Amino acid sequence: MKVLILDNYDSFTFNLYQIVGEILEEREKPFQLDVIRNDEKPFEWIKSANYDKIIISPGPGHPADPAYFGVSADILKELGKTPPVLGICLGMQGMATVFGGEVVRANIAMHGKLSPIEHDGKGVFSGLTQGIEIMRYHSLVAKEISLPNDLEITARVSAGEGKGEIMGLRHKSLKIEGVQFHPESFGSEEGKCLLRNFINS
């Protein structure tokens, strides 16, 4: 299996690389795990590399700004049929903007905040416990009323600050999912299970 982590210049990318590497080793099959920054290679190069899975990392800034999101937007627009794509934090916000939704400033910025979520139990959430606590580092959120019909909400904050805020999105016809929180953080319960679901799907 050949997996790409597209790095949006985020400090969590190393955590992501480590955990995904462990998951790939569990499979006991040959694999290649690459990390490429969002301005390091042109989209056509990434497309021709024929990755089996692509993860779009967290990062600073707004996903509508190419200076922050780079080639990530092209990947979401062009590669969602094959291969499957998972967007994390900025990656999920990019999902919302690329497909026509809005990403706006949250009422309360979250920097290292644990929150419980409710989820639909499908896709990357398959087999995960309801009410798990997840780690949040974000000041932007997807605006629900703006989301296109192509996207469905898969998870929300279930209690506390930011209750009801969107924590997961899935494209209805493309193999694209996103989570607003950080499954690669040690503070997120069952985060490795979520990433394993994506890799093994």
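Every residue gets a Cβ built from N, Cα and C, even glycine.
Same-site candidate for L-glutamine binding, as annotated by Swiss-Prot with Gly59, Pro60, Gly61, Ser139, Leu140, chosen from Gln32, Gln93, Gln180: Gln93.
Other C-beta atoms found within 10 angstroms of the C-beta of Gln93 (L-glutamine binding site) number 31, with every protein chain shown included. Largest Cα to Cα distance within the recorded L-glutamine binders Gly59, Pro60, Gly61, Gln93, Ser139, Leu140: about 12 Å as a whole number.
The two recorded residues Cys89 (active site, nucleophile) and Gly59 (L-glutamine binding site) have their Cα atoms spaced 7 Å from each other. In this view, Gly61 (L-glutamine binding site) is surrounded by 15 other Cβ atoms within 10 Å of its Cβ, with every protein chain counted.
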